[in-house]
Amino acid sequence: MGNVFEKLFKSLFGKKEMRILMVGLDAAGKTTILYKLKLGEIVTTIPTIGFNVETVEYKNISFTVWDVGGQDKIRPLWRHYFQNTQGLIFVVDSNDRERVNEAREELTRMLAEDELRDAVLLVFVNKQDLPNAMNAAEITDKLGLHSLRQRNWYIQATCATSGDGLYEGLDWLSNQLKNQK
């Protein structure tokens, strides 16, 4: 009987954990986002070869965020990070019109993976501070997000350097985690 109360108490008050995989094409802003969330400041980044991993505490949830390099030569390695991923953050450079179709292809390929079938999808439309940036509606269309009928997804306009939109995205992720059984 005590076990029932312990489980109830943990579900109501215990810290939840969520494993997040953050991917996207190179130079989309993934590492800048990770360290803005972790440290609250802008860090000087270099292209990620391999990965960065940090734990971000937010609203009683411990997000373990894996930031995986996005250069085309290392994208085949993304699949090694899929296992046990509950949330996928796909970062798009909203100013990079030439590569938005490439981003769509990579996202489509990933979402077809069986290991990610239950992962929720958060798309960060990054670099909204730039004058020619595509807005969230335009990116939704270009990525074909409306065709994702079997997946819970959300799109959020962001600016990694100022932090705009990042916590709104984490709010959505935390609500998804709370709604999971």
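Each residue, glycine too, has its Cβ placed from N, Cα and C.
Non-local contacts of VAL68 (GTP binding site) by the CB criterion (under 8 A, 6+ apart in sequence, same chain) comprise LEU21, MET22, VAL23, LYS30, THR48, GLY50, PHE51, ILE74, LEU77, TRP78, TYR81. As annotated by Swiss-Prot, GTP binding site applies to 24-31, 67-71, 126-129, with the evidence given as similarity to another entry.
The N-myristoyl glycine annotation in Swiss-Prot covers GLY2.
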| GLN71, GLN128 as binding-site residues, winner by CB count within 10 A | GLN128
| request: Might you list, by sequence position, any residue in that chain lying six or more from ALA27 (GTP binding site) with a Cβ less than 8 Å away from its Cβ? | output: PRO47, GLY70, ASP93, ASP96
